[in-house]
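Participant: The following feature annotations were taken from TrEMBL:
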- 216-250: coiled coil (COILED)
- 87-101: compositional bias 'Basic and acidic residues' (COMPBIAS)
- 119-135: compositional bias 'Basic and acidic residues' (COMPBIAS)
- 136-146: compositional bias 'Low complexity' (COMPBIAS)
- 175-186: compositional bias 'Basic and acidic residues' (COMPBIAS)
- 24-106: domain 'THAP-type' (DOMAIN)
- 87-186: region 'Disordered' (REGION)
Amino acid sequence: MVFGHRNCAVFGCHNSGKKLEKWASQQCEVHDCLHGTPPCDCPLPFKLFPFPTERKNNEGRKRWIHLLKRKGPKGEVWQPNNSSRVCNEHFVDGKPTKENPDPVLKMGYETKSTRNRKPPTDRSSLLEEMKRLRTQDNTQDNTQDNIQDDTQDNAHDSQDAPVIQEPSSSSFITEEEHCTTAGRPDHITHDHAYSFGWYNLEDPDFCMKEKCLQERLKQFNEIKDLKEKLQELESELKACKIKLKARQRKGLEHSDLKTNSSVRLLTGLPSKRVFNKLFEVVKGNIKK
C-alpha cells in the first residue's frame, strides 16, 4: 500500500501518509499478516481527506482554509497544495458529510468562548446605609459645634463676671508674696500656665498673675539655654582631654582610636576601618 507524502494540514496534527505506510508495514496481531493485506480487513487508524477543489466546491475550500487559520512564511494566507489533507479526527462525523462538511474538532487553537457578563450587584441597601451614617455624622458634628459654642460663651461670661471667693487661711497672701514664688525651682520647668502639672495648679502658693508667668517663662528659657551650653562645653572638654592625653604620650596609641569619632578627631580619617586599611598599606615601611 502506497500513501505518498500526504499530510494532515491541521496545526499540531501529525497524521500523515508516512505514518500510514509505517502501519501497513507492521504485522497484524489478529490475522498474522501485514496490515492491509488479505486476509487482514482491519480499518485504517485514520483517514486523510483532500481539500475541496476550486472547480467543484470553491466555497467549501475557502471555509476549510479559514478554519485552519494557517499563514504562509511571509504572513500571507496559507494555501493548500496537492499533498495537503485533513484527517478524520477533525470532523464531527469522522468524515465530511452534508450535515457537517467542515473540520471543526482539534484545530490546533483554542476557540474563545464568550461568557455572559455577571449581573451587577445590588448595592441600593449599601447606599442607603451610607446616606444614613453620613446624616448621623453631620448631626453629631452640628451638636458638638453647638456644645462648643455654648461652652465658649459660658467661658466668656464667666471671665467677664466678677469672681467672689470666701477668705481662707491660705488666701491672706499679698501679690508680692505670690510673685516671689517665681524663684522656687519646682515651678520653672514649664513655659505657660496650661503646661504646669495639676499638682502645681492646686498649690495655694502658685501664682497665676501675668507678671509671674512671664518671669517663669524667662527663667525656663534661661535654664534651657544654659543646659545646651553646658552640653557643648562638656563635649569640648572631652575632646580637649583626649588631645591632651595624646600629647602627653608624645604620639597616638591604639587605645586612643577605639571609636570612629576618636579616629576622626585625632587623625582626620572618616572611620576606624579606613585607618586600619591605611595602616595595612604603610606598615611595611614603618621603622621600629
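Placement of Cβ uses the backbone N, Cα and C atoms for every residue, glycine included.
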Participant: How does the model score the coiled coil (216-250) in terms of mean pLDDT?
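Facilitator: Reported value for the coiled coil (216-250) is a mean pLDDT of 84.
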Participant: Using DSSP, how many residues in the compositional bias 'Basic and acidic residues' (87-101) fall into helix, strand and coil?
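Facilitator: In the compositional bias 'Basic and acidic residues' (87-101), the DSSP-based counts are 3 helix, 1 strand, 11 coil.
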